[in-house]
């Protein structure tokens, strides 16, 4: 018999009383219970109707992936591995007896536990895992902190794995001279940045730039200084900087924007009018007939006073967002053909993306100040699904600008060559670019277009080394239920967050062509002024334009300025689940690590004539901080009535504070009152029992054939590190009442 530490979420008072009769040493805070239970009574506890999470158990992830990534860990010793770095000739930023430790707690951060830690002088920094936190602790306070009954384990914060994964391969090479490369260092506190800069200067490591918590500098990958830097108490992360790279007539029909056959009317009567979308990309052909009237402003970041597009990528992306079809008599249009376009050219004179600033917030803020509330980013850096500094910058910007939706392409690093986590012939996991791993971004993967191309190539014909049979024998385009093989796959490197969020068509996409881009830069020629391209770069702008339509719906029809979380919730809520073999591989229920929550589909996203029974209700409290959750167990409860005539869908999204794992964790619960049947958000994710999701700030409940009656919906704070925490909730389907707070 083994005693388990558990957390339980309850919806009714009788469930609480029944659970208390089973649990040992229970503590109740709001609608969350923390306690202990013998493993022989776990089933009895679940039978009380509460949703149970066993604190000691790791989330269900692909077996070989467990422990795959280096992350801050626990050390049982009294100091960091290896000697302290040599001192620098300045006053230290951190007192000698103050260091960063990792605390593992017995459950969520209950108010009495937080108060005890504060009384001991502990300053919590970041939630690293569901039960672990980094924290500033004085050496003199360590015995007292270790003696706290809810502190299960305590050890020094360590970062050697972070450095090793970017430098060890170069060290093994045995080269006599390794040229300097750019690295980035992230500190725990902005106050420490100047002292770290001085530390780098003292070692003749050239600082290229930085802002707030980050510096970018040059160093040889085999430099001992990298390991020394990682051991500084003020340093959170040291990683190699990987330069980012550039990652629709048929597409509109697949997304539900155009009628399926000739002569029909458009299901979605919105065009993006009154909305502005920003695009940061290579450059733009501002003379293209489809784009001239859409351009609000063009800014050149990479080449002085030059935003031209001799690559073709940026013009193609822009056309998928706002192209109005002038050059094709309306046949080829973007998803928001009447929206305004704010374009930022980030291509440098060498054809790279050198125009991207060291601090991505500068790029996003320029567009935000111009009035854009949706920003498309069809670029990224190879990351193997790791949460990089650029991911944190994205999360940080959305957290401080909660009405700015950042749409980011998942990247094109999907491969089936020698897969480690999937079966031979199937696309492997862990191939997302950064910053696509950001929690608060809307990350977009690519599905296949339904376009049947004469003599269409197979995956093996174009990328033979990456896609062996059976996948390699399939056509690149033609099956809209299948994934694009190159599309970046999740999960994110902490192994429990599903990405991409949604997918959209990304093969043989027809859009605007730059007049000065060479033909070899495109997949194929189209009619004059158009060309075919493919990639998650082409999928993302279809979503950005669609987001403009959803935003238009909320601002015009509902008289509401939506948060990024609400737009994301609506788009995810309406996604259609793909049925292709490669879209379902390893896990056939939503979400999975191939298609996320499904393919974008506007008729299930906002009310429209194609779905006459559909009604949409929502909660979006981002402008009123007083309504946010401040502690564990805080809850909001709603009721709504629904019919059995159509589907019922719920989606909860919140903008989480920046950090690799969830800093604040919410849970979505629902109950059909007449039958007592219950659901929990993302209950179809890989897990042995339905339980609150510990890793995703996007959670869905989808009922294809709901019972008629009243539904109780509960949003509860499972854990809160940095409050107050707002959220967005979308409820759509066959509703016959408003969503009412109880």
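Just so you know, the numbers here start at 1 and follow the chain as drawn.
Cβ from N, Cα, C; glycine included.
Computed from a predicted structure; not experimentally measured.
Neighbour count (other Cβ atoms within 10 Å of the Cβ, all protein chains): 27 for residue 281 (active site, charge relay system). What TrEMBL records for 281 (among others) is active site, charge relay system.
Taken from TrEMBL, the feature active site, charge relay system covers 313 (among others). Residues within less than 8 Å, Cβ to Cβ, of residue 313 (active site, charge relay system) and separated from it by at least 6 positions along the same chain comprise 246, 281, 282, 378, 521, 533, 537.
TrEMBL lists 537 (among others) with the feature active site, charge relay system. Here the Cβ of residue 537 (active site, charge relay system) has 30 other Cβ atoms within 10 Å, regardless of which shown protein chain they belong to.
Residues or ranges marked as domain 'Peptidase S8/S53' in TrEMBL: 272-598.
Among the features that TrEMBL reports, region 'Disordered' is placed at 56-88.
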